[in-house]
């Protein structure tokens, strides 16, 4: 089976002159559909950077990346937007729900973006039900618990039915119970055929992964 | 603290330069407005003082000096007097220019009533020298030492250039004034003008009444007071001053809002730093003080430079405008005080705008500041809890429920813009004031053009005026396209009780409203020959009301009295105008010839009617609007107003871009999130368009309402309290302003969206 995420020889540096620091130095990552990959590593080693590069949120200095057969590197901003819209779902540590919108509206927001999947709204409603969020769907983010917020964020990430789910410290801001529930949902996402890449520094989170990679000295080590 | 502040400003050099440029731009506008406004507002008094303008100018047929001086010197309240002989319609030429409308003024000993601004005055007894009015010198490029040919006097050498603010300057005034000494006439010249300076100018009425009494028999006696001169000269400038003051205020409000919004966003950005400072033990007062010092260090040079540049920028145009009004500029020392005060005002505004949000933020607990979050106020009242209320179909209702699918992203933009209520309101208010001023400019420019060309603006319902034998009126009435024909008598008189007040009497046999229909403000229309309708300007000046008596001194006639039946809003002759039936007027002046006025059908051909009238032997006369004599000046003013409107439009664009930028900057995280979920440039643009429309639409509506309800009436009252200036914007102008504002909103959206799309998504997500 072909890898849905294929990143090879990725290089990324930050800073200039003496302050320049190469956080990724030829890192490679290949993930297949239905697979959950956890990336571990100490703070500042470049885990999130790797995720951002795979998701087309940032551009590498060198290397090639493709997602679902579409190139991420060397492509236009418009093509990257299309890729993020239809092929990639993001889940962030701090949820990033818009505070003025209800949980439901936050989920449906991704479906309102120009070029979103036509059935995104129906899928969003279905996800809200499946993730047990109907009761609190009309509540604003500040009225929700951390676990509920993260479940809404996962629903939002899945609303366009992407083949890739990228999660950046998805349990980092949650208690153990809520964290376990989120991990279960990510695992369920993979079982539906998605490739899930999760950046974490919690070993418990890594337990649900099919593969665990460690980022050290700019390289992903299996 | 100053050293710390300087270091902080240096550390964020780019932002400091941008903020300083913003202050400089706002100060530039303030500097220009203050310079022009102050120069114009104080121009007459300043020039009158310098020129020793008399309190009363009396014109009469030539008299022997001894005879007239015997009468004048006996007047009460008289400080001093001097005399002139004024010859009109003289041939004057020089430097390749010629006019047949020269006013050659022979000055006698004593005060001159003008000030020499270049060269020297003519000396008593000196022949061969002439002083030229500055307007003539500028227009004909004459300098001291040049030669000027003056009818009867031959070639004279220019000894000086003079300014006298008793009239507007040549060529705005058609007469070219020059001054010569009595020696030019070999001493054999008799005065026809007396200049009177009074001990107490407030008691000019007493002096004038006495003057009228002791000079009885002189005939064709005309008085004009210094106040009357000022009223006449300041009429056009008054409108300009009102507008410039309004523009200055708009600029200040706009600049203040922008500065406040920028300062707010800057504090938001530096929240962590403030939190660390608080955690280290700095008090809110200390943090606010540091902010104030930083703002002062930034604002003082920027404001001083901006205001100085603004003043320099308009110094020449202001001087030109003053020269056209025959007035003197304030000079560098005169303008310095208002400019320094303006600089202090701008600095105070900048410091307040920068300090207040820092003080507000720093008063919060340090941990709350460090945690970040928006400075916007949290929802008031009890916290909304889940399941608090249920709507139909079992859905829980929610006040913040998003709009439907179609409007989702656009509505999100609206929410972004309105989330910080105070700032949204300030942005709407700023742009509304700008839109209101632009609407006012358009309305005013149209009005000025109509005042120049359209007699309808002064309530005239006739389109043609001719000299025609009244016996031919029935023939004129039979011409195709003619609706009505009538006789119109007009004469300039003076109020018998207050001789300094000139009044114009207009008389029609029968109902005058067939030909002139000024709106009635009070009382009723005239019905009998002993009744009069007076303009508000005259009623205010003379204290008239329905039931009062108006006594008018008719030149070469006697006094006629009328009972005031009504007060009307009339624009012509500064509102110093009255409508009567002609019986009493003709009884005292049977020699008075009427004009014949012609009212046309709405779809008639004026040219064809004119041709028919000419065939009857009629001689066409111009139908005056309010300012027909100053047509060129009004055209320039209309162009200036449109230019100012355009400048205010640019302020609107700046305010919109600024409001959108601040919103986009504050909601950077949200925009980054949208982009992370795949939003492309048009989608982000849609969100920003929502934010722009949330500001532009209410601002456009409020702007139009402001113009119709406040600006228009206020400027109308300021510029011409004696009449109803039609300053309401037309539907076309309102549509233009609203359309223009929406276009600016689209432009602002485009500019900000481009900038937002260039920002890295990651940076925005980190801020969120």
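FYI, residue positions are counted from 1 along the chain as it appears here.
Placement of Cβ uses the backbone N, Cα and C atoms for every residue, glycine included.
Annotations in TrEMBL come from automatic prediction, not curation.
The domain 'ABC3 transporter permease C-terminal' annotation in TrEMBL covers B:246-366, B:646-760. According to TrEMBL, the region 'Disordered' annotation covers B:377-404. Positions annotated as transmembrane segment by TrEMBL: B:236-261, B:295-315, B:335-359, B:424-448, B:631-657, B:684-711, B:731-753.
The DSSP breakdown of the domain 'ABC3 transporter permease C-terminal' (B:646-760), given as helix, strand and coil counts, is 97 helix, 0 strand, 18 coil.
Taking H, G and I as helix, E and B as strand and the rest as coil, DSSP gives the domain 'ABC3 transporter permease C-terminal' (B:246-366) the counts 107 helix, 0 strand, 14 coil.
Between the transmembrane segment (B:295-315) and the stretches B:335-359, B:684-711, B:731-753, Cβ pairs under 8 Å are most numerous for B:335-359. Among residues of the same chain six or more beyond the transmembrane segment (B:684-711), those with a C-beta under 8 A of the stretch's C-beta atoms are 246, 409-418, 424, 427-440, 443, 656, 659-660, 663-664, 671, 674-675, 727-729, 734, 737-738, 741-742, 744-746, 748-750, 752-753, 756-757.
Within the same chain, residues 431, 435, 438-439, 442-443, 446, 649, 652-653, 656-657, 660-661, 664, 681, 684-685, 688-689, 692-693, 695-697, 699-701, 703-704 sit at least 6 positions outside the transmembrane segment (B:731-753) and bring their C-beta atoms closer than 8 Å to a C-beta of that stretch.
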